[in-house]
Amino acid sequence: MADQIPLYPVRSAAAAAANRKRAVYYSAAGPGPGADRHSRYQLEDESAHLDEMPLMMSEEGFENEESDYHTLPRARIMQRKRGLEWFVCDGWKFLCTSCCDWLVNICQRKKELKARTVWLGCPEKCEEKHPRNSIKNQKYNVFTFIPGVLYEQFKFFLNLYFLVISCSQFVPALKIGYLYTYWAPLGFVLAVTMTREAIDEFRRFQRDKEVNSQLYSKLTVRGKVQVKSSDIQVGDLIIVEKNQRIPSDMVFLRTSEKAGSCFIRTDQLDGETDWKLKVAVSCTQRLPALGEDSDPPVHESLSIENTLWASTVVASGTVIGVVIYTGKETRSVMNTSNPKNKVGLLDLELNRLTKALFLALVALSVVMVTLQGFVGPWYRNLFRFLLLFSYIIPISLRVNLDMGKAVYGWMMMKDENIPGTVVRTSTIPEELGRLVYLLTDKTGTLTQNEMVFKRLHLGTVSYGADTMDEIQSHVRDSYSQMQSQAGGNNTGSTPPRKAQSSAPKVRKSVSSRIHEAVKAIVLCHNVTPVYESRAGVTGETEFAEADQDFSDENRTYQASSPDEVALVQWTESVGLTLVSRDLTSMQLKTPSGQVLSFCILQLFPFTSESKRMGIIVRDESTAEITFYMKGADVAMSPIVQYNDWLEEECGNMAREGLRTLVVAKKALTEEQYQDFESRYTQAKLSMHDRSLKVAAVVESLEREMELLCLTGVEDQLQADVRPTLEMLRNAGIKIWMLTGDKLETATCIAKSSHLVSRTQDIHIFRQVTNRGEAHLELNAFRRKHDCALVISGDSLEVCLKYYEHEFVELACQCPAVVCCRCSPTQKAHIVTLLQQHTGRRTCAIGDGGNDVSMIQAADCGIGIEGKEGKQASLAADFSIRQFRHIGRLLMVHGRNSYKRSAALGQFVMHRGLIISTMQAVFSSVFYFASVPLYQGFLMVGYATIYTMFPVFSLVLDQDVKPEMAMLYPELYKDLTKGRSLSFKTFLIWVLISIYQGGILMYGALVLFESEFVHVVAISFTALILTELLMVALTVRTWHWLMVVAEFLSLGCYVSSLAFLNEYFGIGRVSFGAFLDVAFITTVAFLWKVSAITVVSCLPLYVLKYLRRKLSPPSYCKLAS
């Protein structure tokens, strides 16, 4: 198959960069009906926008080019300021900025894209150097791993602070304890982080190695050669088998399929689950059949259909392609953007509190040195005090919070009420409890993306779901009548039809109009019927293909849009079935079983710009050529003949929530088609402005088309969408729906899904094109109160261009906003605008590849595994199966994560503050001596085995039962105010720490005046008991693990007392204080420790009880 391909150079037209020069080629369209109409591609008159230019612009600006205009103000400043004054004022900034820009441009200079000549099978002839075809997803290499991981850790203030503190212990004058007291916690944090990163990095390396080592067959002059994926070069001829990954971007030369085309799966590239049809270059596909030694030069244009993208998978046949782009120049790699590293609001708040604690630490140290009287080397004493009080900022804060986040993620994934939930970003679970704006896609997110044909409108008559049997009978009758006519007169069918086109128009019967409409729907699409191979016939595929029986049982339809599949399935249900399709032909089966053959002459696929698709077919039996087209009403209205019903019926269907398509046709003579084909081929061969010229030629056909019918397809709502949206609205979350659908359909879905409540008005923002219209429309909208806003993407663009701040301010006051006809970029832009203008937390939820940019831009991205594939799910922070699961995710898990992390963070800080207060009291009593109160293992044990389990058990606490949180979503409103962790709550914890630290230290000093040598043992024991009791005070709902943690910690402390005698001295061996077991078993020791503990905790219990009685929180009122 492959040996007969000549190895000649071919110029890849796919690589040529197209320059956007417009409005030149339209004279080629030729005169015709509607030629005086403005072209859709014509540029707007530039003078219309002159009045909208800024008024401060001088005449100078009009004489220069647009790029020069922006530099004019800077040039004037440069002329005015010269010499030293200029350098002092602004010059140094200007010079620094220029140098930095120059360095960045040198380092990050992008390779200029230009056309390349590719030599088939001879990569060594390529003059340019191209990147290796290796995939590399690793963050680091052997040399950068340790520096890179350390930088990522120490760029945070908390870790950098502890690094400085730990390093200071190597200086003998500053050493105040054992080295492991400081280095053990820091080393533990770094070891855990580096181990996790190393494991992730090794897994990435293994995945990359596996992909790069895949073997492919390469065609050379000596035959087939096995080559690794990473060794493939530009110009290589590569054979890719069925179900094999395509290793690089290639031009599709040949396939083993008879049709000259193959299917590829793109779910790894764009997330879409539908198969895509790719077409081999016709001249290379025909080569073996020609069998000539020397072929004449071939000039053939390449289109997007002739390309095979890297990371897609061949789904049918074996293909041969020539490699055009490799490695980092492939489409999949260039489309991969590094998503921003999301940091939760709670982490930012804790970071601010950490900085406040650092200021308090410095202030306390300065006060101690001041009270000391700046005696001796006071700066050394200042640093020693900074080290002594360093526990004000606990290093265990980051460890506890990270472990807590992991626990929250595990709880979400194990929740039986939301099965299939996956937490992909474990650093931001608390964000789920702080959301104010929810931005959602419509198709596949609020709706099921399962299309059902609902309505056919012919202008005078409309058919719904209950009258489809009438259409079926009309189709059956018309085909049986045609068959009988054909049987009576085989040759007489063509001339009357030709005569009819020139004769005056006669009103067609309903039956013939239905027949024409159904025939147009079954012909105008990009659907391919696929027949599953039966078991046991695997060896006879060629025979089975040739003798296909078109049985309905094993037929499935493949298309890039579920709308098209729904239309073809509907035509099958009314009797006209698509049974076979390849690149050049299509076969239909009539109700009587007769097979009709049509030759496909041209196909114009659907694009987001044109919003329509067309096909030119020739009926094999009558030789008639017909141009069919279908598309959105906005695109088709100017194309079809004048009618008085299309716009009104489109609106009616959209109000019912149906997706509408307008179907039209145009009969072509052989001469008309030949003329069109020659111009179309010439336009496709153009090297510059090809797409523009091709569109202009096709547009010459799109005139005065006969309107056949209007179809309505329903996309059904997902389960429990209405109660979920109502719950979110009651929770105070403002919902914005961003969709690419038309305005009427979006409005209807917003009403039917209860996104907009029944009592609310809807303000539909009028279409605006300039600043004046936007100004008037915004003023009209300003007068409305408590109404939902519906706006199109074009109008939104105009408003944001001129009145960004005003528009966002008005839109944020609306209970709901619907943006229709939105592009993926616009969706992400809206998310960014909300973040910048409101400062509130945003959440984006979607299910398709077009939602990825919005999901990655939001503070919290949620993906749904839907019909459109897994791309959104894989790119999101959280992945769920259905939209209704978002209610429990936010109301229950979001609430618990935020409340628990807030309590955990503040309690860990309280644990550090209380011991620092005791140190301050101790130092002040002993004449401000910079001597540590507790030594070595006591400090490490205090933050770990003695208090870690009870404090960490706060991640199991909950203030409201899940059922209550779901029943009363209004409780969620309190979370968005951030009251659980604020400077107010932090100040309360600081006061508690100062009170308890003071009581514990002074109590120990006062009560144990006669046994002063034992003050450390007694105060430390009271401290541990106080911490355990404070955990019990903080807990709102007890869990059995909490009780276990409390007793486990107490048991660890009591059992370790026998081994800690050397640590219970003041200083190191100061005053000769050692612990004896006989002393701690005395009654005096026990009652005095108990007394101190009761005095430190009892008032707080009393205050908590009084607060619960006098000013209970809202959830307590519900619980009671």
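Here the Cβ of each residue, glycine as well, is placed from N, Cα and C on the backbone.
As recorded in TrEMBL, the features of this protein are as follows:
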type     : residues                       : note
DOMAIN   : 127-183                        : domain 'P-type ATPase N-terminal'
TRANSMEM : 180-199                        : transmembrane segment
DOMAIN   : 224-331                        : domain 'P-type ATPase A'
TRANSMEM : 356-376                        : transmembrane segment
TRANSMEM : 382-401                        : transmembrane segment
BINDING  : ASP441, THR443, ASP847, ASP851 : Mg(2+) binding site
ACT_SITE : ASP441                         : active site, 4-aspartylphosphate intermediate
DOMAIN   : 874-1112                       : domain 'P-type ATPase C-terminal'
TRANSMEM : 908-930                        : transmembrane segment
TRANSMEM : 936-956                        : transmembrane segment
TRANSMEM : 986-1006                       : transmembrane segment
TRANSMEM : 1012-1033                      : transmembrane segment
TRANSMEM : 1040-1059                      : transmembrane segment
TRANSMEM : 1079-1103                      : transmembrane segment
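Residues of the same chain lying 6 or more positions beyond the ends of the transmembrane segment (382-401) and with a Cβ under 8 Å from any Cβ of it are 156, 158-159, 161-162, 165, 168-169, 174, 176, 185-186, 188-189, 192, 347, 350, 354, 357-358, 360-362, 364-366, 368-369, 901, 904-905, 908-909, 911-913, 915-916, 919-920, 923, 930, 932, 939, 943-944, 948, 951-952. Of the two recorded stretches, the transmembrane segment (908-930) lies close to the transmembrane segment (1012-1033), with three or more CB pairs under 8 Å once pairs fewer than 6 apart in sequence are set aside. For the binding-site residues shown (ASP441, ASP851), fewest C-beta neighbours within 10 angstroms: ASP441. Each of the binding-site residues THR443, ASP847 was scored by the number of other CB atoms within 10 Å of its CB, and the largest score is that of ASP847. When Cβ-Cβ distances under 8 Å to the transmembrane segment (1040-1059) are tallied for each of 936-956, 986-1006, 1012-1033, the top count falls to 936-956. Between the transmembrane segment (1012-1033) and the transmembrane segment (936-956) there are at least 3 Cβ pairs closer than 8 Å, counting only pairs 6 or more residues apart in sequence, which means the two stretches are in contact. Here the domain 'P-type ATPase N-terminal' (127-183) has, by DSSP, the following mix of helix, strand and coil residues: 30 helix, 0 strand, 27 coil. DSSP assignment over the domain 'P-type ATPase A' (224-331) gives 22 helix, 38 strand, 48 coil.
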